[in-house]
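Report on the following structure.
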Amino acid sequence: MAFILSFWMIFLLDSVIVLLSFVCFVCVWICALLFSTVLLVSKLNNIYCTWDFTASKFIDVYWFTIGGMFSLGLLLRLCLLLYFGHLNFVSFDLCKVVGFQWYWVYFIFGETTIFSNLILESDYMIGDLRLLQCNHVLTLLSLVIYKLWLSAVDVIHSFAISSLGVKVDCIPGRCNEIVLFSSNNATVYGQCSELCGVLHGFMPIVICFI
């Protein structure tokens, strides 16, 4: 897991999927029960019957309570996600990421500056990923917590790496913050996911955890 919040995001998504599956199962079961009951009564009376349903306070309270409990469970998980999103983790070092048209600039350790551009197709080597290779990669240490500050200079960019569960907007005049942590060595790829101009699809992101 590389992004601190990715665990809680996956946990929340799994909870929603389980809840939706349970609700769908209950709805299908109730529909099947009603349909089979209507058919059974119709065959016994040899007519197509219509029923007059009356209100039931017990059923209203029951369904309201069950639905409220499910909603409360999802709300608590969402509150945990928001809490960890604003929690200040003790980080080993700081990395600044600035988006330009159409490349990324990384400021590492307060003094190292890396300009990351898309390499030309003529410079590709065997095994390189098209539109995902850049001339300089962001190299970070695994098992180390990093704090990333993200901003932009010209237009709105989006620092997105799907394998890490990361998608943060880089807005001129504003500094957004995320925390990265990798438990193993890996190389991850991403791109700018904001329509930032004619070369929007040519801003690759490569992070190598060593």
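Every residue, even glycine, has its Cβ placed from backbone N, Cα and C.
Record check: Swiss-Prot places Cys192, Cys196, Met203 at the Cu cation A1 site, and the matching candidate among His136, His157 is His157. Counting every protein chain shown, the Cβ of Met203 (Cu cation A1 binding site) has 28 other Cβ atoms within 10 Å.
When pLDDT values are averaged over the topological domain 'Mitochondrial matrix' (43-60), the model yields 62. Taking all protein chains in view, 17 other C-beta atoms sit within 10 angstroms of the C-beta of His200 (Cu cation A2 binding site). In sequence order, Gly99, Trp102, Val155, Ile156, His157, Ser158, Ser193, Leu195, Gly197, Gly201, Met203 are the residues of the same chain, not among Cys192, Glu194, Cys196, His200, whose CB sits within 8 A of the CB centroid for the Cu cation A2 site.
Taking H, G and I as helix, E and B as strand and the rest as coil, DSSP gives the topological domain 'Mitochondrial intermembrane' (87-210) the counts 9 helix, 60 strand, 55 coil.
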